[in-house]
Amino acid sequence: MPKLILCRHGQSEWNAKNLFTGWADVKLSKQGIEEAQSAGKKIYDNQIEIDIAFTSLLTRALETTQYILAGSDQQWIPVYKSWRLNERHYGGLQGLNKDDARKKWGEDQVHQWRRSYDVRPPRESEEQREAYLKNRRYQHIDHRMMPYCESLKDTLERVVPFWTDHISQHLLDDKTVLVSAHGNSIRALIKYLEGLSEEDIVGYEIKTGAPLVYELTDDLVVKDKYYL
């Protein structure tokens with residue numbers, strides 16, 4: 001039976017500081033490390049054998065993947081990394097304190113940027129974009145595909161092709177797949193997998209460092225889901 005494990009990275013240093021993160025590359029906090037280690041132990045205790053893992057290019061997800069595989073004694077399995085699993089790009093909000101943003105733009109506007117389906121936040125500056133374009137981890141990507149900012153809809157539109165071309169192919173081979181990613185890239189996968197409405201998915205909360213297991217039929221219809 002195909003099995004998919006979705007796990008949002010553990011708490012990051014910027015999560016702890018209440019900052020918009022997006023594509024900014026930050027490490028796990030002490031709490032985040034403990035969450036990721038706990039996720040690995042839960043997988044180990046439940047005797048789940050992972051065949052392959054997918055993660056993003058951002059350090060907090062990469063670290064979470066490493067801690068999960070170490071904690072479940074499966075560090076040797078193949079791990080594939082893709083920018084398509086990166087967090088939603090928060091554009092000009094990245095690095096700002098969320099409370100300060102509410103004071104500047106108002107509670108309603110910030111809520112709309114964070115929790116609507118197809119509304120984008122302000123674009124990042126040209127200086128910020130130039131820094132991404134020069135970053136080695138993105139040199140292999142067509143720069144025309146690099147976002148200035150993203151809505152959840154935009155995030156889904158880059159995540160789903162990666163699901164179709166890569167992740168789902170291993171599930172169709174009856175494998176157990178780990179996806180260690182981010183709140184919004186996981187939210188996009190859940191919307192697609194469960195067929196949720198735009199209204200339902202924007203309010204869907206994703207816990208940090210908590211493995212969410214999907215048991216699937218042979219044609220990848222959700223049979224059961226549960227947190228470990």
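Glycine residues also receive a Cβ, built from the backbone N, Cα and C atoms like all the rest.
Under the heading substrate binding site, Swiss-Prot lists 8-15, 21-22, Arg60, 87-90, Lys98, 114-115, 183-184. Every protein chain considered, the tally of other Cβ atoms within 10 Å of the Cβ of Gly183 (substrate binding site) stands at 20.
DSSP assigns His9 (active site, tele-phosphohistidine intermediate) to coil in the three-state reduction, outside any helix or strand. With a 10 A radius on its CB, His9 (active site, tele-phosphohistidine intermediate) counts 31 other CB atoms from all the protein chains. Look at Swiss-Prot and you will find His9 tagged as active site, tele-phosphohistidine intermediate.
Under the heading active site, proton donor/acceptor, Swiss-Prot lists Glu87, citing sequence analysis as support. DSSP classifies Glu87 (active site, proton donor/acceptor) as coil under the three-state reduction.
For His182, the entry in Swiss-Prot reads site 'Transition state stabilizer'. Taking the Cβ of His182 (site 'Transition state stabilizer') as reference, residues of its chain lying under 8 Å away and at least six apart in sequence are, in sequence order, Arg8, His9, Ser56, Leu58, Arg60, Ala61, Leu85, Asn86, Glu87, Arg88.
The Cβ of Lys98 has fewer other Cβ atoms within 10 Å than any other of the binding-site residues Arg8, Arg88, Lys98.
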